[in-house]
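Participant: If you scroll down you'll find the structure; I have some questions about it.
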Amino acid sequence: MKLLVLLVLLLQASRSADSRCFCQVTGDLEDCACDVETIDGFNNDQLFPKLQTLLESDYFRFYKVNLNKPCPFWKVQSHCGLKLCAVQPCSPNEVPEGIRSPSHNKYSAEANDNQDTCEQEKHLGAVDVSLSNETREALLSWSKHDDEAERFCVVDDEESPDSQYVDLLLNPERYTGYKGPEAWQIWNSIYEENCFKPSTIQRPLIPGLFQSSSGNEAKSFYNWLEGQCVEKRAFYRLISGLHASINIHLSARYLLDDSWFQRKWGHNVTEFRQRFDSELTAGEGPKRLRNLYFLYLIELRALAKVLPFFQQPSFRLYTGRPAEDQKHKELLLDILQQARNFPLHFDETSLFTGDEIEGAKLKEDIRLAFLNISRIMDCVGCFKCRLWGKLQTQGLGTALKILFSERQIEALKPKSSGERPSFQLSRQEIVSLLNAFGRISTSIRELKNFRALLAEER
């Protein structure tokens with residue numbers, strides 16, 4: 001009899017464990033014509049390996065960033081003093097000369113042929129005789145303003161003496177120990193002030209961290225969210241998906257051992273559970289993981305849409321090593337073509353389909369909200385967290401810029417002398433776009449690893 005009771009208890013425990021395989025999110029995604037299983041197979045088996053190879057190339061591993069910009073919203077008391085927060089910038093001789101060359105750091109398609117500056121000077125020179133210095137400066141200012149008006153995120157000034165190249169492979173995103181009220185303030189500011197949420201609606205939080213979630217709060221929040229237009233729902237899900245992705249990276253590259261003779265990084269299943277287990281997050285964890293898949297679809301769609309830009313003969317992944325540059329461009333085009341062939345893309349034509357004036361205002365509201373989020377990254381106290389936060393928000397902002405520039409991309413063609421291209425991407429935007437998607441792709445792949453580790457525990 002005792003043996004029978006024991007077997008029943010073990011069977012119940014097994015069923016309970018199976019039901020708590022919270023990271024095994026399945027089925028169709030909201031507001032999409034795609035399912036989780038299709039994304040898993042496509043990413044893990046096809047795209048992820050090629051993408052990792054591309055991101056290890058010199059063009060994509062060196063990212064220029066200003067980590068010393070002051071926080072524009074509140075006074076940051078002190079930068080993170082933890083040794084794991086430090087970022088080691090590159091010395092000049094570590095960066096390929098082709099990347100360091102100023103002529104290759106503005107708009108890639110024109111800069112690769114050293115034409116951008118020359119054409120601009122030629123164009124302005126033609127009117128120099130009739131324009132005052134003030135007017136010429138105004139023209140240049142308007143051109144810069146046009147660039148800013150297309151962007152969804154703040155782009156660091158690459159000419160600033162505070163901007164430095166960082167080798168992303170030598171400064172990987174991983175757990176740094178940066179947490180507590182200061183870190184919480186970052187995400188709270190993003191969600192509470194930039195996701196169109198009224199202050200009267202409480203966002204579900206992880207129990208035990210600063211504030212507990214209740215079932216009523218969660219119900220009220222999701223009732224409010226479902227009542228929003230698809231564009232605002234999508235915006236919230238993008239931010240939630242980005243947050244989930246970052247938490248997966250921190251759990252997958254956790255400091256497991258820091259002794260005097262070794263420093264060991266690896267998967268921390270306990271940390272992963274605390275962030276995503278349905279029971280430990282009052283049901284929030286699986287929702288956040290589903291938002292990660294939604295974010296993947298959005299950035300994948302942008303990669304598919306931007307293929308014509310990179311197919312231009314004038315575009316090169318210029319590092320000064322022609323054979324390698326050509327090989328990596330071919331790999332990039334292969335990845336983008338694979339992205340284009342994905343069968344169940346997010347349909348961005350479902351966005352902004354109402355009144356034209358209201359749609360334009362909503363699009364601008366979303367652009368400004370995301371622009372604000374990118375500025376919040378300068379408030380992150382941990383330099384390594386700041387580096388990867390800036391890169392990933394800029395990458396997502398570039399993806400949004402691409403999705404909202406379909407007509408300009410389709411109109412790409414050789415321009416007459418001095419005429420500005422209809423669509424442009426700086427090297428900074430290109431590097432952040434592919435690396436940001438690489439982070440999302442890695443998160444999807446890491447979920448497979450965590451599923452296997454959780455299965456071993458059962």
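One-based numbering along the chain as shown.
Glycine too: its Cβ is placed from the backbone N, Cα and C atoms.
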Participant: Between Cys379, Cys385, work out which one TrEMBL annotates as bonded to Cys382 by a disulfide.
Facilitator: Cys385
Participant: Work through the recorded positions one by one (Cys85, Cys382, Cys385) and name whichever has its CA nearest to the CA of Arg275 (FAD binding site).
Facilitator: Cys385
Participant: Here's one to test understanding: among the recorded positions Cys85, Arg174, Thr176, Trp187, His243, whose C-alpha is closest in space to the C-alpha of Cys382 (active site, nucleophile)?
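Facilitator: Closest candidate to Cys382 (active site, nucleophile), judged by Cα separation, is Cys85.
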Participant: Of the binding-site residues listed here (Arg174, Thr176, Ser240, His243), which is spatially closest to Cys85 (disulfide bond) when Cα positions are compared?
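Facilitator: Checked the binding-site residues Arg174, Thr176, Ser240, His243; minimum Cα distance to Cys85 (disulfide bond) goes to Thr176.
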Participant: Measure from the Cβ of Cys385 (disulfide bond) and count the other Cβ atoms within 10 Å, all protein chains considered.
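Facilitator: For Cys385 (disulfide bond), the 10 Å Cβ neighbour count is 23.
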Participant: Reported as an integer number of Å, what is the Cα distance between Cys385 (disulfide bond) and His243 (FAD binding site)?
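Facilitator: Each residue's Cα considered, Cys385 (disulfide bond) and His243 (FAD binding site) end up 12 Å apart.
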Participant: Just checking a number: largest C-alpha distance across Arg174, Thr176, Trp187, Ser240, His243, Arg275 for the FAD site, rounded to a whole Å.
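Facilitator: Across Arg174, Thr176, Trp187, Ser240, His243, Arg275, the two farthest Cα atoms sit 21 Å apart.
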